[in-house]
Number of protein chains: 2
Amino acid sequence: MANITKKVSWSSRADDSNATGEGTPLLNGSEQLGYSRQDSLKGRPKEITHNEKLLSLKYESLDYDNSENQLFLEEERRMSYLGFRCLEISRWVVCGLIGFLTGLIACFIDIMVEQLTGLKYYVVKENIEKFTAGGGLSISLILWAVLNSAFVMVGAIIVAFFEPIAGGSGIPQIKCYLNGVKIPRVVRLKTLLVKVAGVICSVAGGLVVGKEGPMIHSGAVVAAGVSQGRSTSLKRDFKIFEYFRRDTEKRDFVSAGAAAGVSAAFGAPVGGVLFSLEEAASYWNQMLTWRIFFASMISTFTLNFFLSVYNKNPGELSNPGLINFGSFDRNSSSEYNLYEIPLFIGMGAIGGLLGALFNALNYWLTIFRIRYIHRPCLQVMEAMLVAAVTATVSFIMIYFSNACQPLDVVQGEDYPLQLYCDDGEYNSMATTFFNRPEKSVQNLFHNPPGSYHPLTLGVFTITYFFLACWTYGLAVSAGVFIPSLLIGAAWGRLIGIMLPTLSSTNSTGQIWADPGKYALIGAAAQLGGIVRMTLSLTVILIEATGNVTYGLPLMLVLMTAKIVGDYFEEGLYDIHIKLQSVPFVHSEAPPTSHWLTAREVMSSPVTSFNRVERVGTIVDLLSNTSTNHNGFPVVVSNANGEEPAKLCGLILRSQLIVLLKHKVFVELARSKLTRRKLQLKDFRDAYPRFPPIQSIHVSQDERECMMDLTEFMNPTPYTVPQETSLPRVYKLFRALGLRHLVVVDDSNRVVGLVTRKDLARYHLGKHGLEELQLAQT
Amino acid sequence: MANITKKVSWSSRADDSNATGEGTPLLNGSEQLGYSRQDSLKGRPKEITHNEKLLSLKYESLDYDNSENQLFLEEERRMSYLGFRCLEISRWVVCGLIGFLTGLIACFIDIMVEQLTGLKYYVVKENIEKFTAGGGLSISLILWAVLNSAFVMVGAIIVAFFEPIAGGSGIPQIKCYLNGVKIPRVVRLKTLLVKVAGVICSVAGGLVVGKEGPMIHSGAVVAAGVSQGRSTSLKRDFKIFEYFRRDTEKRDFVSAGAAAGVSAAFGAPVGGVLFSLEEAASYWNQMLTWRIFFASMISTFTLNFFLSVYNKNPGELSNPGLINFGSFDRNSSSEYNLYEIPLFIGMGAIGGLLGALFNALNYWLTIFRIRYIHRPCLQVMEAMLVAAVTATVSFIMIYFSNACQPLDVVQGEDYPLQLYCDDGEYNSMATTFFNRPEKSVQNLFHNPPGSYHPLTLGVFTITYFFLACWTYGLAVSAGVFIPSLLIGAAWGRLIGIMLPTLSSTNSTGQIWADPGKYALIGAAAQLGGIVRMTLSLTVILIEATGNVTYGLPLMLVLMTAKIVGDYFEEGLYDIHIKLQSVPFVHSEAPPTSHWLTAREVMSSPVTSFNRVERVGTIVDLLSNTSTNHNGFPVVVSNANGEEPAKLCGLILRSQLIVLLKHKVFVELARSKLTRRKLQLKDFRDAYPRFPPIQSIHVSQDERECMMDLTEFMNPTPYTVPQETSLPRVYKLFRALGLRHLVVVDDSNRVVGLVTRKDLARYHLGKHGLEELQLAQT
């Protein structure tokens with residue numbers, strides 16, 4: 001958080017509409033803080049934190065701009081060309097490791113899920129078959145529901161009680177991290193463990209979830225861990241990769257980890273790279289992208305290789321990802337005709353509409369959850385309830401469906417359920433439920449025409465839609481990709497089946513013959529309508545289908561879904577980011593923001609330090625909880641001291657804290673000549689968990705000492721003049737991944753500071769440019 | 001060119017080694033220019049221009065940073081949200097058009113080439129078959145050589161005499177353009193026409209060239225033309241897309257065009273996007289990337305569709321690109337084993353070595369050409385010679401080869417040549433020559449084991465290697481992708497054939513069975529060794545094979561080839577860029593450049609203007625050919641005028657010229673009240689061919705007038721302090737696509753200016769950081 005004293009305001013209620021308009025804030029300075037404390041005593045803090053009209057100040061930013069102070073420059077200058085080469089090689093090694101470990105984790109999750117669900121389906125199927133003839137199927141239902149709830153309970157307990165940040169898919173959190181927002185605990189080892197265990201439990205528990213989203217989070221955590229060469233949680237320091245212990249480098253590796261996660265999840269290494277770029281990269285760096293790609297490749301290869309060993313076909317690399325769409329051959333059914341494209345676009349629009357509906361429902365559900373279900377035990381109970389309901393609904397649907405299909409050995413249904421079908425037939429409704437969802441998606445894409453009854457698909461779509469919507473946001477680790485694909489594939493296939501009956505001419509019956517194609521388009525439309533990713537999702541789907549011919553239709557469908565969906569409601573991830581009031585800086589300034597200049601946007605007045613500053617002043621300022629600034633311009637005053645001081649550098653809270661901890665005072669340096677000079681290593685050792693200012697004890701004598709900041713401040717912070725337009729400020733800020741941008745007047749005197757919140761505040765609402773309020777929580 | 005007065009120096013010879021070391025330049029100021037003129041009179045300018053130790057000052061930069069002056073801001077502020085939406089939509093329309101037209105051009109080239117080569121092969125084959133029995137094959141040879149030379153003559157004449165910039169593949173030129181260097185005439189309509197006609201002639205003329213590289217250039221020209229809504233060459237202005245008439249927007253579209261070209265050439269839309277990003281994008285822009293992808297998709301789809309119509313199978317979209325590697329099925333022969341990976345890496349190393357050899361030979365050949373073959377008629381004769389030699393060599397090889405293969409109807413050789421083979425057999429050497437090279441590549445990948453005799457492949461590799469090396473750099477439009485792939489596929493397949501004989505255990509014979517796999521790896525290695533592209537090339541190859549399983553081996557091979565190759569020699573495109581002395585700004589500063597600061601890098605003193613400046617001063621400065629500056633800081637002096645003036649803006653030469661042309665003088669504005677105010681439109685109308693200062697007549701009276709620059713200058717240029725390290729300057733410059741970066745002191749007074757040449761000068765040589773000399777030509 002930075003030097004915002006003027007604009008911090010506080011709105012106590014979501015419906016406090018006159019406070020959310022554009023313009024000046026309600027209160028400022030110390031008054032506002034008094035108010036906020038009183039207000040929070042009234043017991044409504046929960047609503048406030050999650051108001052999408054507010055921007056929370058509790059999130060700090062990451063320093064993606066290197067602080068090029070003297071220490072840093074000295075180190076860089078000492079380093080030989082060979083040293084840089086070694087660094088480069090170790091970056092590659094780290095990326096390889098990230099890919100390998102991410103692939104292993106994906107493999108582990110996949111195998112565990114397969115074993116557990118296999119066991120579960122076997123038990124339930126045996127039970128059902130036992131009771132089918134003699135009656136008493138309600139016992140089977142209870143068995144099924146209890147099994148599911150038990151799994152989910154374990155998953156929910158570890159998430160709700162031990163690591164709430166591990167809940168959900170983790171994609172919004174990783175998006176925020178890569179955007180430059182420090183989400184607490186998001187890349188810790190504990191989060192990873194809970195995430196992996198949690199996702200196994202929730203998938204095994206039969207929830208309407210996927211294991212793909214969590215892979216992205218897992219990859220990111222692996223990357224953040226491996227690249228640092230130590231574990232703060234385990235208190236082990238391997239004394240390697242010390243150079244990488246800063247936000248800039250760590251972010252690069254986390255991008256690679258996220259890409260490796262996508263790659264392992266979908267077998268889409270290129271899609272993974274593009275995902276990372278879409279979410280993260282402000283500054284295109286060729287070598288970095290190349291390394292990210294390497295991590296992705298290794299990840300999908302590792303997964304593929306170990307799964308092939310597990311499947312007893314070592315070397316047959318046919319499982320590049322957790323989900324495979326199966327082979328869409330180039331020759332046979334994969335063609336599409338020019339006149340089908342409008343149809344695809346229409347399906348894209350349906351996907352956009354359904355996606356917006358999904359998101360709107362989930363938005364209200366999330367608001368409800370925030371208000372009423374915020375205690376961990378309630379969260380666990382809700383998750384168990386959903387698990388039981390899912391089992392019950394599935395059971396009822398299977399029970400009342402009479403969609404029998406002849407049992408085809410070639411198709412290889414893993415758990416065909418006969419139920420009330422004739423011998424040699426199986427219940428096709430049961431197939432969609434009695435399967436890992438990935439397998440169901442594949443079946444919808446590839447089963448020959450006639451495998452599904454239209455009514456089965458219709459009922460399945462509706463049920464699954466609401467179950468998925470209810471499930472997303474539960475306190476379990478789970479992704480939304482697979483449910484979306486499944487819903488979309490179901491209604492897409494339904495459309496594919498209905499088309500021949502709708503078209504009057506029977507001669508064209510041949511070309512409508514493949515409903516699997518429509519299932520694919522429907523899946524893309526539904527997924528695009530919910531998550532609204534564009535470029536990366538297209539590439540992921542192209543890679544997952546393994547067929548570039550479908551590129552154009554997929555792209556058109558995803559575009560349509562996004563345009564239609566955006567008209568009604570934002571993307572699911574953006575909704576959740578907004579509900580957390582995260583100051584997210586988008587890639588471009590809102591189009592109509594040329595009216596604003598740095599002068600209006602910046603926070604002022606700014607708290608600055610002198611180049612040589614009294615320790616007491618520094619400690620007092622850092623301890624001031626009402627401001628809680630993180631970056632301080634360093635200024636040098638003129639001889640007479642009357643003119644405002646000129647900017648000569650920028651120093652961070654974290655740097656000051658390390659300086660205070662090591663007592664780098666001018667007076668002490670004089671007295672102890674042998675004293676070790678502070679090195680960059682001392683800053684790296686403290687990274688990333690810098691101690692709070694309260695833990696540092698400064699005696700009354702020491703308060704009178706002076707600190708010389710010259711060596712430690714960044715002497716060349718980026719600056720802009722006051723008249724700079726907001727888009728220009730935005731571009732500079734975003735392209736360089738800045739945290740603090742100093743606004744100066746025409747004599748280089750500090751007049752303000754632009755930080756993440758100052759930019760994230762502005763967004764394009766229904767009525768033109770709107771300004772969000774800033775809140776302390 | 002910018003305000004460089006201090007550092008411009010002149011080195012007259014390539015071997016002027018003491019002038020190329022690090023440190024101060026030889027001469028400066030006016031002396032240097034006198035020297036340069038004397039020297040050029042001595043008649044050695046040709047060598048100098050093409051010295052890779054020099055950096056030419058003749059290339060200007062593009063303005064990728066918007067000049068946000070008052071006019072611009074007013075226009076942006078006037079624009080409603082709807083206006084921005086319309087702009088966005090028209091951007092999409094333009095990208096769609098770019099893709100469509102690029103696809104059409106690719107289709108046209110493909111069909112023309114197929115028709116012409118078909119005709120040629122038919123005639124020659126008939127002739128050979130006529131003379132095989134009765135003798136007199138020398139007549140066939142002459143016929144073949146004459147036919148080839150005739151085609152090539154036409155192609156070489158139009159390139160050498162009409163538009164030399166259309167020669168070669170055009171990829172180096174597009175790389176430079178996207179990097180921000182203004183290469184004259186590179187995106188003009190005439191260039192496009194010559195390029196298209198030239199590439200048809202050179203491919204039809206049997207040269208060892210491909211038509212893929214030129215597609216990238218063609219796409220870029222299409223983009224630059226379509227996006228401007230007018231043709232300066234044809235003097236037609238459609239009054240549309242006027243907003244896009246500036247470098248920033250045009251560059252974005254050219255990126256899309258280049259991507260569309262790649263996409264059409266290889267059927268690789270994602271690869272196209274990555275190519276554009278790798279070469280162009282400094283600042284990652286999500287919407288832009290998405291549009292580039294759209295253009296790529298449309299391009300490959302258009303090509304595919306029209307080719308399917310041409311092949312009388314409308315709707316069978318099986319030709320996404322000009323070259324298709326054919327289908328590498330997932331199931332059958334496409335597997336590779338873990339222990340094959342070291343083998344692949346070894347092949348990557350071979351590719352790197354052969355690539356470096358190729359590049360070194362081509363480098364010396366280019367130097368030779370620059371010195372001795374610079375007259376157009378000589379260039380045409382050389383091209384014809386190469387064509388004749390190519391035909392002769394091919395003929396001799398076919399004649400002396402006795403590699404007969406049984407004629408297999410299923411394989412469908414287009415022009416099987418029996419020659420001295422038995423009935424029902426054909427000459428396999430003839431196949432590789434009597435084929436479009438694309439088809440030969442496919443055959444090498446997919447023909448069943450035993451199709452080629454090892455000796456055939458060996459001889460073919462060697463011959464083709466030298467022919468390709470000789471051909472690249474001729475004054476014809478031609479690419480190097482296909483020859484590289486072909487060479488690599490040949491030796492790759494050779495390795496694939498030799499392996500089973502080398503391995504002692506016969507039991508493993510099965511797994512070596514598919515030499516096509518090794519052909520693919522060899523092709524990748526050779527191509528990577530020559531062009532040294534990394535990420536985009538991997539993706540292009542993955543897309544061309546249509547099989548993601550090969551991703552990891554391809555990537556490893558390309559990496560190895562690049563590392564090995566870079567050790568000996570640079571990439572082919574980089575060599576040619578360097579030989580043109582283009583100031584190319586790489587994506588990152590050289591690693592050991594932290595020693596340098598803006599103070600050492602910048603050019604100074606800087607020529608500045610006052611906010612209100614005398615017309616005479618401006619005209620004199622602009623007319624000064626010795627400086628030829630393009631950007632001028634605008635300063636405001638203190639009241640007493642003693643202190644150095646403070647920076648208040650930046651104005652470009654092009655803006656000043658428009659102002660002078662419209663005589664926007666303070667005095668005139670007062671006298672003629674009804675005078676139309678200068679608008680942004682006036683600047684756009686003059687774009688991009690601003691008249692030279694010499695064409696603007698300013699009378700003696702007018703010279704005494706004053707010009708107020710306030711409204712037209714960019715009031716918020718980016719600045720850095722003098723102490724900023726080179727990597728930091730570099731990052732800012734590159735990330736924002738700057739042309740001028742003002743260096744200021746701690747009171748915001750101008751002390752220097754950093755431009756493209758100041759950054760491009762520094763590069764990492766064999767002995768650490770080296771500094772290139774700047775030359776006026």
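Every residue, even glycine, has its Cβ placed from backbone N, Cα and C.
TrEMBL does not curate its annotations; it predicts them automatically.
Database features (TrEMBL):
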- B:1-38: compositional bias 'Polar residues' (COMPBIAS)
- B:713-771: domain 'CBS' (DOMAIN)
- B:1-41: region 'Disordered' (REGION)
- B:92-113: transmembrane segment (TRANSMEM)
- B:133-162: transmembrane segment (TRANSMEM)
- B:192-210: transmembrane segment (TRANSMEM)
- B:253-276: transmembrane segment (TRANSMEM)
- B:288-310: transmembrane segment (TRANSMEM)
- B:341-365: transmembrane segment (TRANSMEM)
- B:377-400: transmembrane segment (TRANSMEM)
- B:452-473: transmembrane segment (TRANSMEM)
- B:480-499: transmembrane segment (TRANSMEM)
- B:519-542: transmembrane segment (TRANSMEM)
Could you pull out which residues elsewhere in the chain have a CB under 8 Å from any CB of the transmembrane segment (B:92-113), counting only those six or more residues past its ends?
196, 199-200, 203-204, 211, 214-215, 218-219, 222-223, 226-227, 241, 244, 253, 256-257, 260-261, 263-265, 291-292, 294-304, 306-307, 310, 322, 436
Which residue counts does DSSP give the domain 'CBS' (B:713-771) for helix, strand and coil?
16 helix, 25 strand, 18 coil
Residues sitting near the transmembrane segment (B:377-400): Cβ under 8 Å, six or more positions beyond its termini, same chain?
137, 140-141, 144-149, 151-153, 155-157, 159-161, 202, 205-208, 369, 417, 419, 427, 429-430, 433-434, 459-460, 463, 467, 470-471, 474-476
Mind checking which residues of the chain, 6+ beyond the ends of the transmembrane segment (B:253-276), have their Cβ under 8 Å from one of its Cβ atoms?
94-95, 98-99, 102-103, 105-106, 174, 177-178, 187, 211-213, 215-224, 226-227, 244, 288-289, 291-300, 302-304, 319-324, 481, 533, 535-537, 539-544
Checking distant contacts: for the transmembrane segment (B:341-365), what same-chain residues at least six beyond its ends satisfy Cβ-Cβ under 8 A?
465, 468-470, 472-473, 484, 487-488, 491-492, 495, 518, 521-522, 524-530, 532, 552-553, 556-572, 575, 579
Check the domain 'CBS' (B:713-771) for me and report the mean pLDDT.
88
So if I exclude everything within five residues of the ends of the transmembrane segment (B:452-473), which remaining residues of that chain have a CB under 8 angstroms from its CBs? That is, six or more out.
168, 207-209, 354, 358, 361-362, 365-366, 369, 386, 389-390, 393, 397, 401, 403, 405, 428-429, 432, 444, 480, 483-484, 486-487, 490-491, 493-494, 497-498, 572, 576
